[in-house]
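Before any comments, here is the structure.
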Amino acid sequence: MGALPSPATQQLDAESLADASEPVTGSRPAADSILFPELAPTAATTVIPSSSSAAGGAAQSTTALPTPAQPGGTGGGTGGASGSDGGAGAAGNARTNRLLLYVAGGLAIVLVLIGLFALGTRLPTLFAGPAAAPVASATTKPTPSRTPTPTPTPTPTVQPKPAGPQPAGVRAWNTLGGGECIQPYSTPWAETFTVVDCATPHAGQMIYTNILSADPAAAYPGADALAAQINALCTKPGILDLNAAAAYPNLQIQGTFPATAEQWKAGQRSYYCFVSRAGGEPMTSSVAGPGPTG
């Protein structure tokens with residue numbers, strides 16, 4: 001709203017004041033006349049005529065406050081803004097519709113793929129024959145376990161004494177029958193011996209063998225106990241031919257026996273008597289006797 005005009009200021013004398021104080025017949029001061037500028041309000045006052053002077057008042061002019069005009073630019077701007085907002089809203093709606101179409105299309109593709117997958121998994125069952133009826137398996141009762149019967153320890157069989165001396169050749173120690181001449185000879189505990197003709201030079205001779213115990217259940221007496229017996233067993237009369245042995249001084253007798261309990265349990269129960277010369281000189285005849293006589 002525009003500013004009110006400032007009242008004009010003028011010098012007033014006494015005559016002017018007297019004239020101004022007398023009322024003029026048939027006239028009223030205009031509503032917009034200001035008598036005392038110092039006492040006038042800052043805004044114009046609208047004077048409403050009284051009912052007694054309605055006719056006269058009709059001729060008077062009434063000053064009304066001007067209504068503030070709306071700026072034309074504001075209305076135009078508002079309309080333009082409304083048009084811009086409408087265009088932006090239409091564009092946003094179009095983008096939203098396109099996005100919804102994309103989402104709907106994606107969901108449709110996913111649903112189609114799921115349906116194809118489900119159909120593919122059911123194809124084998126659709127083309128396959130009717131499923132075989134389950135066959136009830138026969139219920140088998142558990143077989144009661146049997147208490148294992150302990151296997152009896154086999155009774156060892158005592159190896160029998162060979163019937164006679166072995167012929168020439170390499171022989172195992174436990175196959176000698178007594179009377180075999182041996183070349184070479186170094187110890188009675190060898191695993192094998194080479195049997196030769198007693199008329200040829202030879203360093204030793206196995207003159208006698210026999211069984212210590214024919215009882216399969218007999219306990220092993222021990223190596224020390226057997227070693228204490230072997231000298232008496234091999235020097236019994238009749239084992240050595242004393243007449244033939246007289247031709248060979250410094251003869252010595254050595255005996256062997258089962259050295260371990262394992263050999264005893266395996267049935268090796270024999271002892272063996274060997275003769276040789278203490279100096280290792282050869283012999284050229286047999287010195288074996290006919291066997292123990294007592």
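Each residue's number is its place along the chain shown, starting with 1.
Just so you know, glycine gets a Cβ as well, placed from its N, Cα and C.
What TrEMBL says about this protein:
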| type | residues | note |
| --- | --- | --- |
| REGION | 1-29 | region 'Disordered' |
| REGION | 49-91 | region 'Disordered' |
| COMPBIAS | 50-64 | compositional bias 'Low complexity' |
| COMPBIAS | 72-90 | compositional bias 'Gly residues' |
| TRANSMEM | 99-120 | transmembrane segment |
| REGION | 135-169 | region 'Disordered' |
| COMPBIAS | 135-144 | compositional bias 'Low complexity' |
| DOMAIN | 179-278 | domain 'Septum formation-related' |
What are the DSSP helix/strand/coil residue counts across the domain 'Septum formation-related' (179-278)?
21 helix, 32 strand, 47 coil
Local confidence of the domain 'Septum formation-related' (179-278) - pLDDT mean
95
